[in-house]
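Structure first, then comments.
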Amino acid sequence: MLDISLIMLGAGNSSRFELPVKKQWLRIGSDPLWLAATKNLSEFYTFKDIIVVSKECEYMARFAPHYKFVTGGDTRQQSLKNALNLVSSQFVLVSDIARPCITHELFSKIIEGSKQANCVVPALKIADTAYFGDEVIDRDKIKLIQTPQLSKTNLLKQALETDTLYTDDSSAMRAVGASVWHVLGDERAHKITTKSDLAKIPCLIPPSNEHFTGIGFDAHEFERGRELWLCGEKIEYEFGLKAHSDGDVALHALTDAILGAAGLGDIGELFPDTDAEFKGISSLLLLQEAYKKVQSVGFELVNADITIMAERPKISKFKRKMEANIAGALNLAPNRINVKATTTEKLGFVGRGEGIAVIASANLKYYDWTK
């Protein structure tokens, strides 16, 4: 049995994918795509190490703590070099998280090919006529290269010690004189690049219908000389709320609820009050940025409920406008947002009129990429 480690490349920004969710975070059942693709390959072989390359290592590690995670670079090649620093096995298998349907048949051909060369690469032939400029190319000489690719680790590390950028491992291996062996690829190993590719991937199943609830709470004291903002609405009052941002305590609680439902920490981690960039900033902008983050990892908001606790000022007449502000910022129907107001019956700092407290809940579901 060969000594092999697996590297899964998934640090791209999905710029060509054209959906609010990054492709690596599309849910296949309950698993994000990167995890589904990694599990698929790990069912075929007992790898020495499984290394996932990402820009979100800490968050990913919560899904698979038994894997190793490494931060990706600006290019595929730099990402691979970063991962290779953790590899000590004789061979390394490199694949993309965007190829979730690798078959056991293809995997076996790649492993068997290790007897033939230093690098084994799946490749497809083309059936269509091909041109380069105005010249017809002999299509029998054209190969469409796929992953996973199996290489001798020491040679691949050597091959990548260059400023020349390569788009796959075999190109780098050829450049240092390593032998390369092609095995017949598989159409089912198609790579997801744009959203139209999803229809070409046979093994994908729709996201599960699980829902996730988050709770957020925040409280601020009144401060004279500041504007009072609640749910993106300016309220005429003699006091505002003391804060680093605009002090919109309701949006802070809602932002925490949304982040919490996705397991993405809290508003203070994303927008620390020690950062001058966020001094006086609109909390609607912070909410939008937080929601983009939540969307990027595969969630969408179903509904949110906000309870504002204030002895004064009276805000009942502003509730519908507040709901519309939030719905507009998040591109949702207003009926998905509910704002309530209450007092604390003269109890506590709220009852004494010293400030405002808010509790919010948010309900998320997986983004449905099948629509």
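Positions of Cβ are set from backbone N, Cα and C atoms, glycine also.
Of the residues H182, H190, H244, H252, Swiss-Prot puts just one in the divalent metal cation site with D218, H220: H252.
Listed in sequence order, K125, I126, A127, D128, T129, A130 are the same-chain residues at least 6 apart in sequence whose CB falls under 8 Å from the CB of R139 (site 'Positions MEP for the nucleophilic attack'). Looking at H220, H244, the binding-site residues in this record, the fewest other C-beta atoms within 10 angstroms of the C-beta turn up around H244. For the pair H244 (4-CDP-2-C-methyl-D-erythritol 2-phosphate binding site) and T343 (site 'Transition state stabilizer'), the C-alpha distance works out to 25 angstrom.
A coil conformation is recorded for P272 (4-CDP-2-C-methyl-D-erythritol 2-phosphate binding site) in the three-state DSSP classification, outside any helix or strand.
The average pLDDT computed over the region '2-C-methyl-D-erythritol 4-phosphate cytidylyltransferase' (1-212) stands at 96.
Distance noted between the C-alpha atoms of P272 (4-CDP-2-C-methyl-D-erythritol 2-phosphate binding site) and H252 (divalent metal cation binding site) is 12 Å.
Cβ-based neighbour count (10 Å, all protein chains) for T343 (site 'Transition state stabilizer') stands at 14.
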